[in-house]
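**Q** In case it's useful when we look at the structure, here is the feature table from Swiss-Prot:
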BINDING   D11, E49, D71  Mg(2+) 1 binding site
BINDING   D11, D135  Mg(2+) 2 binding site
DOMAIN    2-143  domain 'RNase H type-1'
Amino acid sequence: MPEKIIELFTDGGCRGNPGIGAWGVWLRLAGQERVLWGFVPETTNNRMELTAALRGLEALKRPSAVRVISDSRYLRDGMTQWLAGWQRRGWRTAGGDAVKNRDIWELLAAVAARHQVQWEWVRGHSGHIENERVDALLNRVMDQYAAGGQAREGEGWL
């Protein structure tokens, strides 16, 4: 029997860059769905994209086969093309600059190593149902916080 694949649809966003930001995860396995979200009062879009993937993978209780589907090429390319070189060069880019968001990249690399992860990119705002849903989720989180909400992170089953 083939192993079931967990799907993590992730997105991060920011109003202003830097500015208020949020991340969201739509997790799906065998017909069950769960959402995770969080808010950060001062951040960047890229940090929220990375945080969404990190929190989604951290939510998995045991090593799993996972598809991480994101509209962030920064996330996908970082994990599939750039990470090994950054590590080899002491967290420097090919141009010699310090890698931005190194703190999250290091955490993400460590948690991803526990799983078999496929990193997939989808075009944002193109009608991809799950990407649109997770984008709407993180925008609701930013709206609620802007309206005086206090929760920084949350989750729920659908």
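Even glycines carry a Cβ here, placed using N, Cα and C.
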**Q** Report the nearest neighbour of D135 (Mg(2+) 2 binding site) in space among the binding-site residues D11, E49, D71, comparing Cα positions.
**A** D11
**Q** Neighbours of the Mg(2+) 1 site D11, E49, D71: Cβ within 8 Å of the Cβ centroid, same chain, sequence order.
**A** T10, G12, G13, M48, A52, S70, S72, L75, G124, N131, V134, D135
**Q** Which residues does D11 (Mg(2+) 1 binding site) neighbour through Cβ under 8 Å, counting only same-chain ones at least six apart?
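**A** Looking at Cβ-Cβ distances below 8 Å from D11 (Mg(2+) 1 binding site), excluding near sequence neighbours, one finds W23, G24, E49, A52, S70, D71, S72, G124, N131, V134, D135, L137, L138.
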**Q** Of all the binding-site residues here, E49, D71, which one's CB has the most other CB atoms within 10 A?
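**A** Within the set of binding-site residues, the most crowded position is E49.
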**Q** For the domain 'RNase H type-1' (2-143), jot down how many residues DSSP puts in helix, in strand and in coil.
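**A** Taking each residue of the domain 'RNase H type-1' (2-143) in turn, the totals are 56 helix, 49 strand, 37 coil.
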**Q** When you measure from the Cβ of D135 (Mg(2+) 2 binding site), how many other Cβ atoms are you left with inside 10 Å?
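**A** So the number of other Cβ atoms within 10 Å of D135 (Mg(2+) 2 binding site) is 20.
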**Q** Within the domain 'RNase H type-1' (2-143) only, compute the mean pLDDT.
**A** 95
